[in-house]
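Engineer: Would you mind keeping the following structure in view while I ask a few things?
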Amino acid sequence: MATIAQPQPQTIARPAVTTRSTGLWSWLTTVDHKRIGILYGVTAFLYLLIGGLEAMVMRVQLAAPENDLISQNRYNEFFTMHGTTMIFLAIMPLSSAFFNYVVPLQIGARDVAFPRLNAFSYWVFVAGGLILSLSWLANAAPNQGWYGYAPLTERLSGAAGTYGIERNVDFWALGLQVLGVSSVAASLNFVITILNMRAPGVTLMRMPIFCWSTLITSILIVLAFPAITVALILLSMDRFAGTHFYIPSIWDGTNLILTGGDPLLWQHLFWVFGHPEVYILILPAFGIVSEIIPVFSRKPLFGYAVMVYAIAAIAFLGFGVWVHHMFVTGLGPTPNAVFSASTMLIAIPTGVKIFNWVGTMWGGQIKFTTPMLFAVGLVSQFTIGGISGVMHASPPIDTHHNDTYFVIAHFHYVLFGGSIFALLAGIYYWFPKITGKLMDERLGKIHFWVTFVGFNVTFFPMHFLGLEGMPRRYASYAAGSGWGFWNLIVSSGSFVLGASFLIFLYNVAKSLQHGKPAGNDPWDAATLEWSIPSPPPVYNFREIPIVRHRDPLWEEKYGHAGGEGHQAEESLDISIAGKTISVGEVPDEDPTEQAERRLDAGDTHDIHMPNASFYPLVAGLGLFLSMMGLIFSYPRLPIGALDLPMLTLAGLVTFLVGIYGWSFEPAS
Amino acid sequence: MSGRDGIGSEAPRTVGQRGPRPVWQRFGAMVALAVLVLGTLSACGDDNTRPYTHISPTTGVADDIQGLYKLVFWMALVVFVLVQFLIVYAAMRFRRKRNQNTRPPQIHGNKTLEIAWTIIPALVLLTILVPTIQTMYEFDAQADEVDDALVVNVYGKQWWWEVHYPQFPVSQYRSPADGSLVGEPQVLMTANEVRVPVGRKVRFNLYSNNVIHSFYIPRMSGKMDVIPGHENYLAFTPREVGTFYGECTEFCGVSHAWMRFVVKAVEPAQFDAWVAAYSAPPSVVSQQFSTDGDVTKPPASFGLCVTCHNVNGTTAGAARGGLATDPTSVNAAPNLTLFGCRDTIAAGLLENTPENLATWLDNPAAVKEGNFMSSAIKDETLTDEQITELVNYLESLKPAEGCYEPPGGEGGPTNPDVVPVVSSVPVGQQPALPAPPPVAS
């Protein structure tokens, strides 16, 4: 494997490659976690903008009652693609960008455990994104909602009408299936990386909290995605092979045939995935904020251990609350009571996190830089989403809130006021590390306040629309409904929110050109990534660091105390390859001795970098082609001599070639 | 609105100031938002302009939910104010001063505090959970007591509602030869309008033979999904006479937004009269196709309509085919009995006027996207003459003595300013109606 190399006993090894090549080919074949992180970030941000534009088209449509700017079907496509894009193509991969870029740096590693698998994850993500996006060109964008409730997703025709005949649902189902491959592969990679690649002394309970949130999010993905994979396979069999997993009965012209299928089967499978998915979207945000607030408060995270347990508890409970999406499906009072209780239970660790963030700020020396503004913005705005979440954890109340704008308000406070605020905070926070340049603070603060105002004007009135009974997924509404006023406010707010992203893009462009040099550690931060140059060299750490403290850089800068009251931790012995290093003694040695000592101890973490490889790209292309072929197989679409369904075969061959070449390619 | 002012006060011009001013403004905005919520909650006066509000309940069930909602709302408001205050206070009080070189005390945690803010939220949640669970079991128990209840079976269709009253058998086809009733017995059936008596429990059984819908009358009850292969139900007792508005709240395809219905809660005597009018057997003459322009008989062009539609007591033997999965259970298209008394066309999309009906028949696809009638009737399918005769016939489908609307406005013909129908089609004067079809008693 890539991580095994010859020990070089003389001095700390110099990397073979110290300068970057920057051509297109280098980006297509890169296996560097930092470059893959950048690729994830740029691609996902593009999708974030696309998803935002989709939302704004919907807001123009709804700005006035009985508006027919776009047809109802087009509107249905827009809201389906908005949800799907934001969840799977924007927030998840943006989180993934930070996992990729930051986690190896924070744990003192030179790359992830499986660099080529990492590249494969990215290219498969691109493939899934392309499948979903190309649906627009086929004029068959998914139009059944991001949650795709059967039987609306089924392919059926009857005496008086048909639905689901076209490919819309296929683009969606197979696109998500591909994205699932990407997510699971990437997540396994991160679980293994975090468990195995930590530098000496980075015990689990000394890991930066962002690494904890990455670890637990990755575990969530690995455990939750199989549920939607199964659900989508059953759906695809219904659509392509004529099974009836989600249809209770069919009519053959004379007889009613009971099939034993059930639409609720889809809902259970989907939400067993779908609710952990919510935490997959928010836990990385919690991790980012937990990094930023201590740095700009000059205080360690309040209740670190409890924060870790809270993330774990949220993740664990997250698998036991899915029925709260189904409170109005008529399951009866007993299931609803159980899942109401579990849903309220999950609010407790979430609340603990909020209070611990406030506790971190309390008594600190807070500096409101842009990342800090966004981070505190999350604490404030996510709280609103959390509170409204508890409101519809009560099933009788949910019978009113369910599928109304109240719920839209709720989850946008969670996913925008939570996830997006944190991701923007993360971009402002790590931008200097990634580019070596500081972002413009003045523009950043303008960006924050415009976002804050636009966000609240857009989403807060949706609570009122919900109370006034406006359902979700309505392409239009009557003038007499009483919803016109707030809809106009909401639509105006969405334009402010849209404008805020222009400010951000301008800031990024300007800072890339003219940003002040960042230096290694512009924020006086506490974690390892700030100990190395900005941008980091290809090999990250010239020497693998040895860590004795939860906030290693503060410990280095301010001593054991890191300030008064900063308790030194008891020294922990580290076992490497059967030999023991007493970490407490190590820092007194000079670096060369340290290195020799490590090498004597069998530490073979030398500088050796994996080779670039294009096989992950080939394998990803194969998946893309095979899924496109399947999509065009029914209704069959040959264009002239070109039989599009044959793409499936070509894609499988391409995929196998990619995997084969990858398997026999030398690692480094 | 105060809320807009409150939000607007957070103008970005305050950015970059180091003092507490922007924070205060933000705090002020939050208070304004909280006030706005209160305002929304307490503004229960003018329900006519808010036909779908759920915070103005009119049944016991809806009262109970509203009580629970108020409890949770006040607790939520306290938590909201507390947390936002803590954040804003910390953000103001603990700002870094210029040239502050010593680091603050490095506190890693506080067990007492952390235990406190674990246990206190747990207790708060418990005070919500207990009444929640009590309410759910109460609802379920009262929905199961159906001895004296009026039973209404509701079938969700794409995109309209069929309503059956299984306790009321209706007339059958009357043979032209000897005037005897023949044909399969049916139950009283309407579409997109539910009429219920006040003071009597109504149990709605909900069915679908196509996709999932959700049945929601905000001022009377919470919603309940309508799921193929499942029998869900809702029960409540209407208390106030009046017209209440319902809507589909589970996405069900192209025209999901236009799948609405009204519930007319009337005095029991008026309900009985309405049932009698609906159940009366038809005369022989009104069920035969007209050959001489007699508008009291269905015109020949109505033959196209009866492929899918039904009119109780006529030979309009509708195709009983459903959309896809279970065609036997309900009709393919709305039952048109007493169509002239309906408030709306196309499930709450258009007001029921001759002009709107003509627009609808001219090209249904242009009015309601994706509807299944448009697969049979395209633009130009019907001539102007046919449309006119169909409109005249359909609007004539009323009882001789009128539509049994309750007197005095309430529950009666709805105020056109309020009724949530699309108003873009001009609403004209109702023309002098032809003589209604005679109704045998």
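From the backbone N, Cα and C atoms, a Cβ is placed for every residue, glycine too.
From a predicted model like this one, the values you see are computed outputs, not experimental measurements.
Sharing the feature lines straight out of TrEMBL:
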- B:401-432: compositional bias 'Low complexity' (COMPBIAS)
- B:46-143: domain 'Cytochrome oxidase subunit II transmembrane region profile' (DOMAIN)
- B:147-277: domain 'Cytochrome oxidase subunit II copper A binding' (DOMAIN)
- B:293-398: domain 'Cytochrome c' (DOMAIN)
- B:401-441: region 'Disordered' (REGION)
- B:23-43: transmembrane segment (TRANSMEM)
- B:71-92: transmembrane segment (TRANSMEM)
- B:113-133: transmembrane segment (TRANSMEM)
Engineer: Near the transmembrane segment (B:113-133), which same-chain residues lie under 8 Å Cβ to Cβ, leaving out any that are not at least 6 residues past its ends?
Structural biologist: 68, 71-72, 75, 79
Engineer: With DSSP as the yardstick, break the domain 'Cytochrome oxidase subunit II copper A binding' (B:147-277) down into helix, strand and coil residue counts.
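Structural biologist: Each residue of the domain 'Cytochrome oxidase subunit II copper A binding' (B:147-277) counted once, the result is 13 helix, 68 strand, 50 coil.
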Engineer: List the helix, strand and coil residue totals of the domain 'Cytochrome oxidase subunit II transmembrane region profile' (B:46-143) as derived from DSSP.
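Structural biologist: The breakdown for the domain 'Cytochrome oxidase subunit II transmembrane region profile' (B:46-143) reads 70 helix, 2 strand, 26 coil.
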Engineer: Limited to the domain 'Cytochrome c' (B:293-398), I'd like the whole-number average of pLDDT.
Structural biologist: 77
